[in-house]
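Have a look at the structure below, then the notes.
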Amino acid sequence: MEENEKPAARLGLALSGGGYRAAAFHLGTLRTMNKLNILKKITVLSTVSGGSIVGAAYVLASQTKSYPEFESNFILKLKKGVVKRILTSFTFIVIGICLTLWLGLMVYFQFTSYPWISILMALAFLLLIIFHQFSIFPVSSIIERIYNDIFFEGLTLPELPDEPILAINSTNLETGRQFTFSKYRMADSTYDYSFKGAPIKFTPKGFPISRAVMASSCVPFAFTPIPISAQFFIDVADMKRVKPRLIDGGVFDNQGMHKLTSKTSAYNCNIVITSDAGNKMPFQSSYKNVFTLLVRTVDIFMNRIKKTQMMDNLYNDVITKENEIVFISLGWDLEECIPGFVYNLSNKNIKQSLIEAHQIPMEYLDPHNESAILTYMEERVGYKELLKRKQENSKLEIARKVGTNLTALSDTQIRALVNQSEILAELQIKLYCPSILV
């Protein structure tokens, strides 16, 4: 490469977590990228939790189906709830029967000459929950089978296509770092570079995509942490050195941006589009038990990580950074995007190359003429036409009220989520990354 030649563009797409809400929301981003003829330009898809469901499904379908075919097929799958299948699974029914019998016997012995047996049974039940909860009810294994039935049909990591690269992110409880799955590699950087002794390596050969996605979406408190079996260690003896236990990738990075923006990452890209299904964090003032307090605490941590990443990638030292970053969020309103761009411009958070790409007249910049820039940018990105396609506020409220679980979605919910993402993605890409549209 010549001294002044720019490096080849590597386009990364980050798909955030958020259960089925995220999976539906990201369809709008994918639809817009297809419309703008940049979907096939993606080099790396970095996914988390619900984003891993749609990301893995898209990558698998991209080699044999057109985007519209994939989307229509995937929407049908979003109408199949995982939660309902868990509750009607054989394992859950057996556990439910056993639990009912156990509780029934506890009550029965209260009215006999041996009430102390009820106390022993209650203590035994408590000890079982404390020490063997995940063994008694392996909910993650059930969900893995459901993912496999609905989305992945028994496929394994090596069956992923070479392009685009899919990076499925989870959080490793043992190291506190990301554990990432892809076609040729399963890894946690702690095991690669900073672990005592030889590096610890894993093989993706035969590893189910459904299990990787389950690890990525393994919600703390609710699901069973995912271990790495002996067959996936290159050196089985390393099982005595480490015991990876994987949970939801959103605990470490719920937007999926880290792998794409870290300079030392094998998945680093210089153009990054982030589709974030996170909502505005609501006020909450009622904490009636430890569980609700823990959930709220985790939400605060994850929201803080998100804001820190946004500050680092979108606002801090933007002028000196080479990356082009586009951020799309369910919590944002269409009307705020162009004023936000103008505000960033006034605060010198827009690179000179982007100013030149938009050909903003110098007389608007010095001195800063906010109203003139606003009008100019609205015309440049076709804002009036986008505004005509904006859905009603009532539909936006429907989208934002969808939970982050794995419950089946209705047509109305899916349309509301897809439409919001679709229009936001088009505006944000045109604002912050016009170079990719050339």
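Our numbering is plain: 1 for the first residue shown, then up by one each step along the chain.
Each residue, glycine too, has its Cβ placed from N, Cα and C.
Automatic, uncurated: that is what TrEMBL annotation is.
For Ser49, the entry in TrEMBL reads active site, nucleophile. Annotation note: Ser49 (active site, nucleophile) sits in a coil segment as assigned by DSSP.
According to TrEMBL, the feature active site, proton acceptor maps to Asp248. Of all the Cβ atoms in the protein chains shown, 27 others lie within 10 Å of the Cβ of Asp248 (active site, proton acceptor). Under the three-state DSSP scheme, Asp248 (active site, proton acceptor) falls in the strand class.
Taken from TrEMBL, the feature domain 'PNPLA' applies to 14-261.
Beyond the ends of the transmembrane segment (42-61), by six or more residues, the same chain brings 10-24, 26-27, 30, 33, 69-70, 73-74, 77, 147, 151-152, 155, 159-161, 163-169, 209, 212-213, 216-217, 219, 248-250, 253-260, 267, 269, 275, 277, 404 to within a C-beta distance below 8 angstroms of the stretch. What TrEMBL records for 42-61 (among others) is transmembrane segment.
What TrEMBL lists as transmembrane segment is 82-109 (among others).
What TrEMBL records for 115-137 (among others) is transmembrane segment.
In sequence order, Ser16, Gly17, Gly18, Gly19, Ala22, Ser216, Ser217, Val219, Asp248, Gly249, Gly250, Asn254 are the residues near Ser49 (active site, nucleophile), counting only same-chain partners six or more apart with C-beta under 8 A.
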